[in-house]
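Annotated features in TrEMBL:
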type	residues	note
BINDING	42, 452, 505	Mg(2+) binding site
BINDING	61, 64, 499	Ni(2+) binding site
BINDING	64, 502	Fe cation binding site
């Protein structure tokens, strides 16, 4: 008889996600991803001055806030015809890039790694490295005190879990070090963004900060520390895990998803903003490896399975967000974005595949790793190396611009500050979790409609009007799982970078609760 495992909520950093999977013969046969919280940011924006959107949209997220503020500014600039000066582009890149260097190690160490570690193996560490002995003593003192959160409670270790005491103890030492590095990455962003969370420097038309020499020196000092950790600790850890204990999961392509990938492109690299660090494009599941040019008009959203009034799938400019709690068949507050009618994965793996990144492709080819949960971790690590190198280039270019003795570079387009009476704008950008789009319409100088299609909307989307499941739903189907210890389910979910589970229920096919874990 089929069972359902219900994980509610799957959360740690942000988000309110409920996952249901149906299991037969220890294999997931069906899955439903449910966004269980309605926030209504898009309605809040209606009737507001468009320039307010930069700061209101940042409140969507406590992790990717700069990405939302930046993308909102870009959409309004599109509507107002503003041209962002190069110095402002560089400052924006540095503000956002700092948070990418914060986000990717956070995801690996604090959101995912515990799924693969037998934490209590530290008790068997027999080495004499002082740092590792301190970690062992700290963890075991917490065990004795019964206060081991957030390391426990957890699902039980399985055949893919790392039990070697030295590896586990080293990983936990890096877990603790990564917490300190996150603080430094946040400080980097605050140096140029004014504060964190929710920076205040990015505005429509540019930025408000004209950095002083000592600010750029402070930024560089922090950057050196963050990059050192990323290159010498984080990336080697990811590669070691993915090509070692997790290799069989990688070779099997566990958690593969729909096979379609989309990236919008992000981080402008030239004065016009057209050349970008991350390239935009689409890979269809019907033509693996073939990258198509992106056509924004082919993006639609379906509300077929969401608690919103729906009609035909609509482009975000024509989209509405009208609640319908009584809608038959609905099970989530998340709509279903599609590109050319296809479900598509977004995020680091999608970006690396779209840009055909040789570092990732070489690693996957050398070890026989297929797209899936393990490949997503590798993609984040390779992407981090791209960001670290680019951060130095952007900082050097900014120092050169600001150090000119003949011309004081502009940081804002003040000629296009006021919103038009009528207009519309759009921006496609990249956030750490994936493709991010903002669309707005302006009527009588205020926002008449605002739509955001965020990375998790793509990945956690429900079934659409054709009953096609979203990427996470498809990724879970076929995953081997023990219903009493569904660690593989959360491994796949977390590889997309949503949040952690804190309650699990098992129910039978008729919905009767059997076990609470």
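Cβ atoms here come from the backbone N, Cα and C positions, even for glycine.
Long-range C-beta contacts of residue 42 (Mg(2+) binding site), restricted to its own chain and to partners at least six residues apart, with a cutoff below 8 Å, comprise 321, 450, 451, 452.
A coil conformation is recorded for residue 64 (Ni(2+) binding site) in the three-state DSSP classification, outside any helix or strand. Neighbours of residue 64 (Ni(2+) binding site), defined as other CB atoms within 10 A of its CB across all chains, total 25.
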